[in-house]
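> Input: one structure, supplied below.
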């Protein structure tokens, strides 16, 4: 199937078909191979990406900057102080102005509505680098990693343990679209958004995958192929951190919990990790951990997104 993504936004993976997600993953795989063998892939020569950061990040900034450099383009970093938003300029006007200068906008924001508004008023592709609702680039890197390591995504049991947050949302959406068996285990009251749960159930029915929401981490990770976790308190939730530590303690991924998974299970984490909280050193540093490969794949997945949305690659490989 010929799939063109030129000119599209990437705000949430629910907006993408399974075929479109596979186009991104296959393109990422090819670009990763080209990088390893030293084959030039300057597919976005002369293109510029504006990167808006309301929230700081190591992986997002570095991976997008390096991605544009590898593709022959340029990335422009803009933090909150660099923009006029704090002085009264609207997101709509910011989007309109940036669209006259750059070829795409990546935004890492607190409120998902901000990235939606950027996309509404920009005339160039807008990429969600993270919002409080979703983290699509992370999920693309996650499933690229699972595909590499397991040889498939369909039928793989992917278990997310912890807070039903933006990372959980994107993991649920992408996994159920691609036929994985996705299980989410959270404490009572910290479940994913009800809308995302419905999407996951609908996606699974269409793909042949499955989705299950539990509140028992031991039951959830039984025979897991992948165990995934994230921090218990995200940026902006610092005031809740102490209370969350108490509530989430039974959901720590440690050597006792992972005993219930398959012996060859993979441990995944979007990073940064709070060692000793959501995961212990003996898990994240174990041979089962693939977090560094997963972090690397942010680069390759985002190169694929950029190349496809900006037209450097027309239909994937």
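Positions of Cβ are set from backbone N, Cα and C atoms, glycine also.
Taken from Swiss-Prot, the feature carbamoyl phosphate binding site applies to 57, 58, 59, 60, 84, 108, 135, 136, 137, 138, 270, 271, 298, supported by sequence analysis. Here Swiss-Prot flags 166, 230, 234, 235 as L-ornithine binding site, drawing on sequence analysis.
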> Rank aside, I only need the closest one: which of the binding-site residues 59, 135, 137 has its C-alpha nearest to that of residue 234 (L-ornithine binding site)?
135
> Where residue 235 (L-ornithine binding site) and residue 59 (carbamoyl phosphate binding site) are concerned, what is their Cα separation in Å, rounded?
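About 15 Å separate the Cα atoms of these two residues.
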> Looking at the binding-site residues 57, 166, 234, which sits with the largest number of other Cβ atoms within 10 Å of its Cβ?
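Ranked by Cβ atoms within 10 Å, first place goes to 166.
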> Show me the subset of 59, 135, 137 whose Cα is within 10 Å of residue 230 (L-ornithine binding site); these are the binding-site residues I mean.
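Passing the 10 Å Cα cut: none.
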> Give me the CA-CA distance between residue 298 (carbamoyl phosphate binding site) and residue 166 (L-ornithine binding site), in Å, as a whole number.
16
> How big is the gap, in Å, between the Cα of residue 57 (carbamoyl phosphate binding site) and that of residue 166 (L-ornithine binding site), rounded to a whole number?
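Residue 57 (carbamoyl phosphate binding site) and residue 166 (L-ornithine binding site) have their Cα atoms 15 Å apart.
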> When neighbour density is defined as the number of other C-beta atoms within 10 angstroms of a residue's C-beta, which of the binding-site residues 59, 135 has the lowest density?
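Candidates: the binding-site residues 59, 135. Fewest Cβ atoms within 10 Å: 59.
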> Between residue 135 (carbamoyl phosphate binding site) and residue 166 (L-ornithine binding site), what C-alpha distance do you get in Å?
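Rounded to a whole number, the Cα-Cα distance is 6 Å.
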> Return only the integer: C-alpha distance in Å from residue 166 (L-ornithine binding site) to residue 59 (carbamoyl phosphate binding site).
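Cα-Cα, rounded: 16 Å.
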> At a 10 Å cut-off from the C-beta of residue 137 (carbamoyl phosphate binding site), count the other C-beta atoms across all protein chains.
26
> Return the maximum Cα to Cα distance in Å (whole number) over the record's L-ornithine-binding residues: 166, 230, 234, 235.
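Pairwise Cα check on 166, 230, 234, 235 gives a maximum of 12 Å.
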> Taking the Cβ of each of the binding-site residues and counting other Cβ atoms inside 10 Å, which one has the highest number: 235, 270?
270
